[in-house]
Amino acid sequence: MSQQPGSARRVNFPEEPMTLGEKFSHRMDQLKEIIADGGCSRAAKCVSITVCLVLLVLIFGGAIVYLVMSLTSSAQKMSADSMDISPQAIRHPKFWPPTDKIRFDDLNGIPMTSLFPQNVSTCSGFGFACTGAVHMVIPSSKRCDGRRDCEDGSDEENCKECQSVFSCKLRPEEESKKKGRSTVQPTLICLTAQHLCDNVENCPDGSDEAVCKSSCSKDQFKCPGSNACLPLSAKCDGINDCADASDEKNCSKCQNNAHKCGKQCIKASHVCDGVAQCADGSDEQQCDCQRCSGTDKALCDDGTCIMRTQVCDGKKDCTDGMDEEDCPGSCTIESFSPKLKMVTCSDGKQYTEAEACSGSFESCDHDCPNSKCHPKLAFTCPASKEARKMCISRRKVCDGTPDCDDGADEINCTPIKECGIAKNTQFKCDHKCLDSSRRCDGVWDCEDKSDEKGCDKCPSGTIKCAADKKCLPAFTRCNGVADCSDGSDELKCSCQECLGVHSNTYMCNESNRCLKRDEVCSPYSMCPNATYTDKAFCAALFLKKSGTSPF
C-alpha cells in the first residue's frame, strides 16, 4: 500500500514499546498534522524548535526530580541508620584514638574528653594548629624551628622569632624601607645548619651562603668539613648541627631549653613530647600543657607527658596508674574486695598476679612474684644461674619440647608405647601419656583440651559446662571468651569477676557482660544493649584504625 507524502508515520511494533520521548514526539507529530490539515502546511514540513526545547526541559527536569528524590531518600535512610557503623570495614583496634575532637554527631555529641580518665588532660587550646588542617596541632617547640611539621608547612610561615640556628628576613627590601617607621617585627625564614653553605640560596639576600668563611669570630664555631660559622649557642642544644655530631659531645650543661640526660642533651622539641628519651624518663616529667601540646599527646596530673595511645591501653604510664583509671569498660569493684595485685610482664603490660602465675601467658613466664606458680594450672621450672623459676602451662609438660632450662618438664614422662590404657590408669592425648586422675580435673593438660571433655562431674573450684559436659579452669569465668557452647561461663558477670581477675577485659557499661578489650569492637560495640559510651569508645577506635577520621 502506497503512502502519501507527508503522511509517513513511525511504526512501533508491539515488541518495541515506545519510550517517554518517543510517545511525546509521536503526539507532537499528530499535532503538526492537525495544524497542517487546517491550512498551515509548512508546520508539518519543519521540525519545531519549540517542541525540541520543551522535550529537553521535560527530560532534564525529570532527571532533577529523580535525583532529588533519591538523595532525600538516601538522607532519610542515613539519618535512620545513623547509630550504626558499617560492619564491612572490620578492624581489630587495640589502642586509644589520638585525638579529643573526633565527631560523635551520631552519638549525641559525646566529646573525646568525656572518655578520658579524670586526671589526664588533652591540653586542648595549646600548641600551633596547622593552617591547612586545623585539627592537626603541633607543640609550640616545633614552631619556626626550620623543619616542616605541618603538611602545608604553615608552622614555618609568618615567623617573627626562630628556634633554629639561623634566620633571615623574608622581604629584606621592604623591611629596610620600614626601618625607623614601624614597630612591626619582620617576617623571618628559619633555617637549620643543613641549609647553610649548601650552594642553594634559601634567603632572598643570599645571607645563608654568606656565612661561609675561612675563619669565624669568637662567638662562633665551625663544624669539621664545613665552612659555615655557627653561633656557640648551637652547641649542646640536642640538635646535631654538625654531620659528625661533634657539637653535641662532651656537654657539661645544655642550652636552648634542652634537657640533660647523663652526658647527652635532649633537644627542646623532644622534651615533653610523650616519648621518653632518657632511661629514667625524666625528659617526660614535670611537663605542662605548653610543652606537652599536640594532637597525639596527653598530660597526666603528675606532670608526665605521654602519647594518647598510651591512655587506657592496660599499662600504667603515670603515677598510681591514673592513665588507666575510669576508662570506658571499667567499673567499681566492691569496697570489701582486696586490692588487686598487678605484675608488669616482659611485654610491658600489666597482668593480675593470678594471670602472671598461671602459666597461661608466655610473656609472664619469668615474672611471677616470688615464683609462686599456681599449684594446679602451672608447672614450676627450677631456677638456674641464668634465670629464676619459671611458670609454664601444664599443657607444655611431656609434650616432647623442653621449656625449662634444665628440661625438667620432660623428665619422668611415660613413653607413649607403655601407656597403661588397658588398666584404665592412664590415657593418651597429643602423643603423650597422662594419669587418669588428670581427666576432668578442670586443668587443661592436653593441647587440644580433650582431657576436659565428656565429663559427668567436675571438682569444686572449677566450672562445669552443662550443655557440653566440659570442666573448665576457674580463671576462664568472665574472661571474655565463651568456652562453654552455650556461653554460660560468660553470663551474669560481676565487676570483681571481670576486672578483679582479668587484665585485658572490658565491662560493658550497663550489662553484666565482660568482653576481651581488643575484641569488644568489631567495629561496632559487641556489648548487649550498648550504651552511648560503649558505642563512642568503638566509634573512636574505628575512625582511628580505618583512617577515616580527619583528626
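Quick reminder: no glycine exception, Cβ is built from N, Cα and C everywhere.
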C278 pairs with which of C261, C265, C292 in a disulfide, per Swiss-Prot?
C261
What is the disulfide partner of C493 among C471, C478, C508, as given in Swiss-Prot?
C478
May I ask you to name which of N250, N412 Swiss-Prot has annotated as N-linked glycosylation site?
N250
In Swiss-Prot, C203 is paired in a disulfide bond with which of C168, C236, C242?
C168
Member of C413, C419, C440, C446 annotated by Swiss-Prot as disulfide partner of C429:
C446
Which candidate, C300, C327, C331, does Swiss-Prot give as the disulfide partner of C312?
C327
C190 - recorded disulfide partner, Swiss-Prot, among C162, C212, C216:
C162
Close approaches to the domain 'LDL-receptor class A 5' (291-328) from elsewhere in its chain (Cβ under 8 angstroms; 6 or more beyond its ends):
94-99, 115-123, 126-127, 135-141, 271-275, 281, 284-285, 342, 344, 348-350, 503-504, 506, 509, 517, 533-534, 536-537, 551
Nonlocal residues around N509 (N-linked glycosylation site), in sequence order (Cβ under 8 Å, 6 or more apart):
P328, G329, C527, A530, T531, T533, D534
Neighbour count (Cβ, 10 Å) for N529 (N-linked glycosylation site):
11
Rank 122-160, 418-456, 457-494 by Cβ pairs under 8 Å to the domain 'LDL-receptor class A 4' (253-288) and hand me the top one.
122-160
Rounded to the nearest Å - Cα separation of C223 (disulfide bond) and C287 (disulfide bond):
33
